[in-house]
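Pulled these features from TrEMBL for this protein:
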SITE      R18  site 'Transition state stabilizer'
ACT_SITE  Y23  active site, proton acceptor
BINDING   N75, H81, D88, V102, S103, R112  substrate binding site
ACT_SITE  H101  active site, proton donor
Amino acid sequence: MSQVLVLNGPNLNLLGTREPERYGSVRLADIEAQLAEQAEQSGVSIDFFQSNSEGALIDRVQAAPAEGCQIAIINPGGYSHTSVALRDAFLGVALPLIEIHVSNIYQREPFRHHSYFSDISVGTLLGFGPAGYSMALTAAIARIKQS
Ligand SMILES: O=C1C[C@@](O)(C(=O)O)C[C@@H](O)[C@@H]1O
């Protein structure tokens, strides 16, 4: 049972090597290790899941509340702009989420300007590079401690 679930969607397994000028050179494994340390220091349990598959992400979201998860941090990747089904999964199990994007999606192509997650998120962090994950975790921990 973990209180925070960090989800990463398609192509985020390539962080560190994928378009480094846009997404930075920090690997997802390094981000996760840093978040694990931050969570431990705050006495909060954390779990991580990355998939390139929409169905696998939906299954993970559906299972999370029953495992004691109180909030998810998600970078939905390209599914941000396409996935009604992943959005519905969060609503279906009433799992609060914080949305994060490494890049500033509003400075990019118009098709990235709409996210299916922003209006149902507790808050959205974008454009701060890989450091955004740690900011999102700070927000998640504050919310858990308040509850
Ligand atoms: O895969 C990604 C990464 C992203 O979510 C980001 O973190 O900036 C932005 C998305 O538009 C893109 O498809």
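Glycine is no exception: its Cβ is also placed from the backbone N, Cα and C atoms.
Any TrEMBL annotation is an automated prediction that lacks curation.
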Please state how far apart, in Å and to a whole number, the two most distant Cα atoms are among N75, H81, D88, V102, S103, R112, the recorded substrate-binding residues.
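If we measure all Cα pairs in N75, H81, D88, V102, S103, R112, the largest is 24 Å.
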Just the recorded positions from R18, N75, H101, V102, S103 whose C-beta lies under 6 Å from any atom of ligand 1, please, or none if there are none.
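By the Cβ criterion, which requires under 6 Å to ligand 1, the hits are N75, H101, V102, S103.
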Considering only the binding-site residues N75, H81, D88, V102, R112, which residue has the minimal Cα-Cα separation from R18 (site 'Transition state stabilizer')?
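Going through N75, H81, D88, V102, R112 one by one, the closest to R18 (site 'Transition state stabilizer') is V102.
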With Cβ-Cβ distance below 8 Å and at least 6 positions apart along the chain, what are the contacts of D88 (substrate binding site)? List them in sequence order.
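When sequence neighbours closer than 6 are ignored, D88 (substrate binding site) has nothing within Cβ distance under 8 Å.
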Between H81 (substrate binding site) and the residue listed as 'active site, proton acceptor', how far is it from one CA atom to the other, in Å?
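About 18 Å separate the Cα atoms of these two residues.
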Taking the Cβ of N75 (substrate binding site) as the reference point, list residues of the same chain whose Cβ is under 8 angstroms away and which are at least six residues distant in sequence.
L7, N8, G9, L12, E99, I100, H101, V102, Y133
